[in-house]
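Among the features that Swiss-Prot reports, Zn(2+) binding site is placed at His45, Glu198, with the record citing similarity to another entry. What Swiss-Prot lists as disulfide bond is Cys78-Cys189, Cys206-Cys214. Taken from Swiss-Prot, the feature signal peptide covers 1-25, and the record attributes it to similarity to another entry.
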Amino acid sequence: MAPGSWFSPLLIAVVTLGLPQEAAATFPAMPLSNLFANAVLRAQHLHLLAAETYKEFERTYIPEDQRYTNKNSQAAFCYSETIPAPTGKDDAQQKSDMELLRFSLVLIQSWLTPVQYLSKVFTNNLVFGTSDRVFEKLKDLEEGIQALMRELEDRSPRGPQLLRPTYDKFDIHLRNEDALLKNYGLLSCFKKDLHKVETYLKVMKCRRFGESNCTI
């Protein structure tokens with residue numbers, strides 16, 4: 001994992017087990033405010049990467065006169081719309097922190113498999129340099145959200161189990177119009193889902209720590 005990423009729970013457990021009982025009891029944990037700050041930064045970065053890639057793909061492969069039509073087609077339907085996740089800031093404000101974390105985790109995990117195929121689709125480094133970087137960043141964010149859930153789980157009642165939406169793999173046949181539209185739709189959903197995660201995390205962070213310069 002890259003420097004500056006989330007503390008590994010396994011590493012902390014191993015180190016803690018090797019400490020005397022008194023030292024283990026006082027082993028410093030990352031403050032909740034830092035966990036939220038790190039999660040927001042990672043979500044912002046991923047959302048920006050997704051938005052830039054979507055625009056570049058659109059500019060490269062989708063004729064301008066087809067863009068509006070394609071955005072309103074079935075190819076643009078996102079599986080994440082089948083779960084009761086908030087669609088904006090106002091809706092998110094009505095949900096508890098644990099509910100928002102569960103939605104965020106489901107959205108992140110739904111993309112872990114598809115993004116591993118990006119390098120086979122965009123061999124000219126169109127997407128984020130390499131798909132490995134995207135996968136690693138998603139895993140980082142997944143671990144950060146799970147860390148937040150562990151911190152909050154004793155203080156919030158458990159909600160109903162959410163079914164994880166499943167996205168198809170990106171299609172490698174870019175000369176096929178159907179494949180282009182499929183990938184265009186997937187990138188659109190990736191961008192939308194990461195925007196949702198970013199919004200949820202910002203709502204939680206602002207609600208808990210009330211920064212005067214808080215923007216969502």
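Cβ coordinates come from backbone N, Cα and C, glycine included.
Features as recorded by Swiss-Prot, highlighted on the structure.
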residue: His45; record: Zn(2+) binding site; CB count, 10 Å: 15
residue: Cys78; record: disulfide bond; CB count, 10 Å: 19
residue: Cys189; record: disulfide bond; CB count, 10 Å: 25
residue: Glu198; record: Zn(2+) binding site; CB count, 10 Å: 23
residue: Cys206; record: disulfide bond; CB count, 10 Å: 18
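Each residue contributes its Cα atom, and for Glu198 (Zn(2+) binding site) and Cys189 (disulfide bond) those atoms are 14 Å apart. Rounded to a whole number, the C-alpha distance linking Cys206 (disulfide bond) with His45 (Zn(2+) binding site) is 18 angstrom. Rounded to a whole number, the distance between the Cα atoms of His45 (Zn(2+) binding site) and Cys78 (disulfide bond) is 21 Å. Cα spacing between His45 (Zn(2+) binding site) and Cys189 (disulfide bond): 16 Å, rounded to the nearest whole number.
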